[in-house]
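**Q** What TrEMBL shows for this protein is this:
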REGION    1-59  region 'Disordered'
COMPBIAS  1-10  compositional bias 'Low complexity'
COMPBIAS  25-39  compositional bias 'Low complexity'
COMPBIAS  40-58  compositional bias 'Pro residues'
REPEAT    98-128  repeat 'PPR'
REPEAT    209-243  repeat 'PPR'
REPEAT    244-274  repeat 'PPR'
DOMAIN    533-602  domain 'CBS'
REGION    599-619  region 'Disordered'
């Protein structure tokens, strides 16, 4: 079998001794001066040899400039400024580059996703005219190759470093490998991550640090198997190591992601007990611990536990920053407590007067505006929208501005201010090229369209000429059997292709009753039954008006409703035991939009020049 040299191996050194390569002019001057004994120099003061030499350039400003441009993701500007520095060095006007500068350029290439350019620069750095490479250079390149999924090339580099045949003579250290390992973990590739750990186990276990185990726990969370992090904690204890705060925070996050809130609280108590037993304040819960728990409690809508955590945070020595305050407000909003969120919001605004770092970001304003828009509080949404610009910190993106306008329109329509909502919709339509009818603004626009009538339409005329607001939903539903419901006990892996086409699918039990609705965005566990990811079915009588159905879809943010037998919808609730007759979904409205738009375009193209298509349709 022929053995081929890996791509990144340096050539074998010849038997004859070579002179060391001189990288800079200063090194050349030192070598030349040291080649002659001091006695051979002419006596007397004479001219100073260094009078014509320039001092080595200070490249800190260029390095800082590269780091700043990396944050802005302006790779082209970085390369232009580096080339300009090289030209100044060639013309003798200062400038130049060194290993630190080029390592910053490598990091910029990896951060901006141009790994090919990073490999090219790495080859130039270790070439005869390059500035050389070090362990940092190898670490950055390994991280980039891992992100780009070029695993074989990364392993070639690690093998060359291990055999000590690579340029720069980097030492095979845990720091060098962990960058590559973290890239694999971020991609959710636990198979290759475990293989890397097994291959370099002896190196990674130097110092017996828990850093490796913390990375592996993060990998299990990324690979949609969060509870696998608990087995890593057991391995930490078997190795005689002590978990640190990051270990506990990662485990608590794994429990929250798996909806195991009780286990998360148990680890929180273990964290406190161990910190008290070992008299180790570094192990006490911090703001990250509590904000992770608040996210899980908000998802489970446990308002009592949210209040308990908020009180504990304020009574402890935890430094509550802007992120922690925002997590409190989000948890209250998720539990339906607008008053609790307003109390936290008021506290942030009050303390922001003395501490500018606590000024809220636009995310918090939009979250509270969503809650008030749902209940139709137009004045509150308008005030928050006006104060978001002067009082928030950071840049306000274009999507955030558009959502603020859409929430104001939603608040107006929920408050029965149709004229205001129509004016806002016209402004939104003029500022956007297109929007989806399935989006939030699309649903609100649909209601504005139906309430405005055909003559006052802010959109194109006759968008839904065949749909009337007071018509029963039975007129527009499709039979339940045609919706092709799935069995509740089916495993998602066996029917995953269905959700590439349908955004929502009803579930039935063995008796044919609808027991839930599965949305495609909720399908996250391939090995779980569909019923575990289903939402309770939204059921309406077949005599319900289309207006009530639109209100229900807006309020519950659902894709589909189940139509059951007629009855008094104000006297009883229709549950999963009701016999389904049909379904009404946003897909039906989308199809109606497409069909009607095509018909309208044909009418417009067939109209005589100068004739108003709307007048022609009414005529």
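Here the Cβ of each residue, glycine as well, is placed from N, Cα and C on the backbone.
Nobody curates TrEMBL annotations by hand; they come from automatic prediction.
Quick one: where do these features end up spatially?
**A** Helix, strand and coil counts under DSSP for the repeat 'PPR' (98-128) come to 24 helix, 0 strand, 7 coil.
Across the repeat 'PPR' (209-243), the prediction's mean pLDDT works out to 81.
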**Q** Could you give me three numbers for the repeat 'PPR' (209-243), the DSSP helix, strand and coil residue counts?
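**A** The repeat 'PPR' (209-243) comes out at 23 helix, 0 strand, 12 coil.
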**Q** Report, as numbers and ranges, which residues of the same chain sit near the repeat 'PPR' (244-274): CB under 8 Å and 6 or more residues beyond its ends.
**A** 210, 213-214, 217-218, 220-221, 226-230, 233, 236, 280, 282-286, 288-289, 292-293, 295-297, 299-300, 302, 305
**Q** Under the DSSP assignment, what numbers of helix, strand and coil residues are found in the repeat 'PPR' (244-274)?
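**A** Within the repeat 'PPR' (244-274) the tally stands at 27 helix, 0 strand, 4 coil.
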